[in-house]
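A.B. asks: Structure in structure tokens, see below.
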């Protein structure tokens, strides 16, 4: 098996123009793997630590030279000579080297970049696609995309409290679903223009129009689906990411758009009302990461009707997820590789979720890059769902294009389950 010959890190930029970490892993047989890590805007309080320099003279404190230095001067020395195909040993070595619960010594961004680059180098050495290396012969399911086309919350400068309003295309193949979504996206742009609303796009490629009520985007999306020639709920469904932790204060949910302060029970009633009125198949972070009792009530109330995705509450952490499963909280988990900070731990989380009957949604971050690792990962683990932004911005489209390539590569073996991924 090929051993690691060298590891190199560098500071590059993400889609928001902020520094991030890129790593390259070189093997003795000449194979090379490269990976760039993303960065989030709304983050869970228990995420692994993204190491920043905090030097106000460089990139307003957001530089990552220390993380890069940790790769080049600490991590590299420990990994040289290890077998690249033994991902567990590579990751375990870095985790032990860091020695902290949240990867604060070396930085989750440093560890993850090397972890993902190692997997790429191993796949290159074997001469197989990344999704095949990660998932083997069973890696054949293309994910249904949840596409963030209207932004609110921390992703936009508008009154909306909810962070993401998504369309979910339900065709018979990924390629056809992507086409349907693009047609709805461009129809949505025309509708927003006709209403005199802003059609500039945000971090994730979605629109951020000035809408006054949290329900308004749902009505506009239904209109866009219909005008594009599709049936809401049957051809194209809807999904929400409230990022509710961002507007949770002192035990109340502060909805500034409506001028209301809601209890957990009232928030649950609001979500139930929206599910009754609109073809919503998935709700992410419907309640705060601190509101575990509320999450249990939400799951009991809506868990048999819609997918309830835990993001901030689980932060892709296998131990926290196991606790949530035991308490009957949510029925799906959002998987972000940089929340936990290594490929091995990410795969552990996915395994625990699937064994418990929880669905997994592989996800990007708002600060993305041209790296397409998560597209391969979604197919490798047969996740069945992916969140990687809207239908604009190359950093988002890159993942969709990679999925098109994978679907073509799989040929007749490719599976696309569409609405079946959301059936309770």
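Glycine is no exception: its Cβ is also placed from the backbone N, Cα and C atoms.
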A.B. asks: If I go by Swiss-Prot, which of 77, 87, 138, 163 binds (2R)-2-phosphoglycerate at the same site as 336, 365, 366, 387?
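C.D. replies: Of the residues offered, the record points to 163.
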A.B. asks: What does Swiss-Prot list, out of 215, 266, 284, as binding the same Mg(2+) as 241, 311?
C.D. replies: 284
A.B. asks: Could you state the CA-to-CA distance between residue 336 ((2R)-2-phosphoglycerate binding site) and residue 311 (Mg(2+) binding site) to the nearest Å?
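C.D. replies: Residue 336 ((2R)-2-phosphoglycerate binding site) and residue 311 (Mg(2+) binding site) have their Cα atoms 9 Å apart.
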A.B. asks: Cα distance, residue 241 (Mg(2+) binding site) to residue 163 ((2R)-2-phosphoglycerate binding site), nearest Å?
C.D. replies: 6
A.B. asks: So which other residues, same chain and not among 241, 284, 311, have a Cβ within 8 Å of the centroid of the Cβ atoms at the Mg(2+) site?
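C.D. replies: The surrounding set, listed in chain order, is 163, 164, 240, 242, 243, 283, 285, 309, 310, 312, 334, 387.
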